[in-house]
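K.L.:
Following this message is one structure expressed as structure tokens.
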Amino acid sequence: GDSKTFAWRSDVLNRLQSKYGSLYRRDNVILSGTHTHSAPAGYFQYSTFVIASGGFSNRTFEYMAAGIMKSIEIAHANMKPGKIFINKGNVDGAQINRSPSSYLRNPQSERARYSSNTDKEMVLLKMVDLNGDDLGLISWFAIHPVSMNNSNHLVNSDNVGYASYLFEQEKNKGYLPGEGPYVAAFASSNLGDVSPNILGPHCINTGESCDNANSTCPIGGPSMCIAMGPGQDMLDSTQIIGRIIYQKAKELYASASQEVTGPLASAHQWVNMTDVTVWLNSTHTAKTCKPALGYSFAAGTIDGFGTLNFTQGTTVGDPLWDSIRDQYLGKPSEEIKECQKPKPILLHTGELSKPHPWHPDIVDVQIITLGFLAITAIPGEFTTMSGRRLREAVQEEFATYGMLNMTVVISGLCNVYTHYITTYEEYQAQRYEAASTIYGPHTLSAYIQLFRVLAKAIATDTVANLSSGPEPLFFKGLMAPLIPNTVDRAPVGTTFGDVLQPANPKYRVGEVVEVTFVGANPKNSAENKTHQTFLTVEKYEATSATWKIMHNDASWETRFYWHKGLRGHSNATIQWHIPDTAQPGTYRIRYFGHNRKKNFLKAVILPFESTPSTFDVVTTW
């Protein structure tokens, strides 16, 4: 599933309040997911997401919330006066629209105003201190982080994460990944229908294009229709797309000269998204719906198909699946079926409350303005045209009340996750993004109306008069994990961290070092944080007779694989893909883990580490 923020928002806000009082509040804190599909799951409170990830994991939740809090504390402690510069530019060759037939449903007159069916513009903020020394950057660009497809099991941050990694490696010379002072954040935008797999959808069995309204192949159906990235494999594609994003950010950063000045303002409301009356014009209204997922949600996308051979663009239900759903979950009401039309409802999540709600009803809407820049915090994934409509409406609203020429940024996946938001016209096509527009056909119009209210309040300085709206219920841990904790065991006569397969004595640059150890469940590291990395690659420095850490588990040159065996036995394999830049010399790979052990009735988690024998890296034999 998607790794995005967020029942943490209230948890993090509570922690912030107890530490900083009223300094950081619901209106001036945005939690936004840079978004990856390759991360630990099970921390989101609504049942739909929790079932997909094997149950609620309290330790993942705690680990993430504590990590967010820690990063805010570090930022707070390092706060200093400085300047912000803004720059914008187009990124070419990194994206395609993954539902072009849906996009074509939008009015011709509207489409004629744009040169592309994706938004190519990157908006970048450069932050420096008063001496002009670099502090960090944040940029927004619409691209799905799905260069890594759903066959991948390696935790990683995908293409935008790789862009961030490259920028930070360059700025934080001599630091390990994730440890330097400079932060480069690549944030989500209106990426709902945008794929990084730029070679487009092809049938993997025949090689022919399957860029059709149903994303299906003549032989094998939708599961054969997969979009390919530009690389030899998905890791290569991730790095190619990530590098394109990084290169544009580097260029925009170097030439950023327009300073962002002016007052800071923020506005936030909670809204019951299942019950918004939308004014379509001065006389006609429509309503949003209780949430539901359509058939095409189960079809998945060309970036990751579903497992049950559903097809995108499905506008009628299937008696078999309908009867299975009715039997296990009850029938959807006539009201929800009527409201969600033409979506055939697969899961009427808004009418399911066991073991607790399946989808959020109460959603955050929020805008923060810095001078002429407005950041709209969107609680989901807007499609390209949805984002354009919202930006235009918010800019227009600001202008109506005297704030002219505002730059409006769509910051996606903020505060709470509500799947996708298509335009009314795209909704009629019922591809994946539309089937996942959970509050029905008028969802976008409702958000536009709500964000106009926030923009007007900021422009007229009446934020104090905004009602806070209905506060969401905060529940966590009500759904037991579906995966039990097992005690780790090492084979007889061995201990955790023992080497089962050692490295060779000698390697050349470009080769792969691989070492296998007696392992323990890596999830234990979320509870016992003795070690901050699963591995290090270290080089021997003869002059000082010390070992220098060259790479950790966040380095793209290293891989950590955990292989689960029976009854608590497991192996851990560490790889180092030796880069061409590696200096010749003596190296070692170390493994750091934590094992779960039963101590009388209580489970304890103990740290261990392993330092196997050394090996040499040479440039030539």
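Backbone N, Cα and C define each Cβ position, glycine as well.
TrEMBL entries are annotated by machine, without manual review.
Marked as active site, nucleophile by TrEMBL: Ser195. Residues or ranges marked as Zn(2+) binding site by TrEMBL: His35, His144, Glu381, Tyr420. Under the heading domain 'Neutral/alkaline non-lysosomal ceramidase N-terminal', TrEMBL lists 7-449. For 452-617, the entry in TrEMBL reads domain 'Neutral/alkaline non-lysosomal ceramidase C-terminal'.
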K.L.:
What number of additional C-beta atoms lies within 10 angstroms of the C-beta atom of His144 (Zn(2+) binding site)?
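P.N.:
Around His144 (Zn(2+) binding site), other Cβ atoms within 10 Å: 25.
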K.L.:
Given a separation of at least six residues and a C-beta threshold under 8 Å, show me what packs close to Glu381 (Zn(2+) binding site) in the same chain.
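P.N.:
Those within reach of Glu381 (Zn(2+) binding site), by Cβ under 8 Å and sequence separation of 6 or more, are Ser188, Asn190, Leu191, Gly192, Gly412, Leu413, His419, Tyr420, Ile421, Glu433.
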K.L.:
Once near-sequence residues are set aside, which residues in the chain of Ser195 (active site, nucleophile), 6 or more away, have Cβ atoms under 8 Å from its Cβ?
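P.N.:
Looking at Cβ-Cβ distances below 8 Å from Ser195 (active site, nucleophile), excluding near sequence neighbours, one finds Gln95, Ile96, Asn97, Arg98, His144, Val146, Ala227, Thr301, Ile302, Asp303.
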K.L.:
Taking 10 A as the limit, how many CB atoms besides its own sit near the CB of Tyr420 (Zn(2+) binding site)?
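P.N.:
Result for Tyr420 (Zn(2+) binding site): 24 other Cβ atoms within 10 Å.
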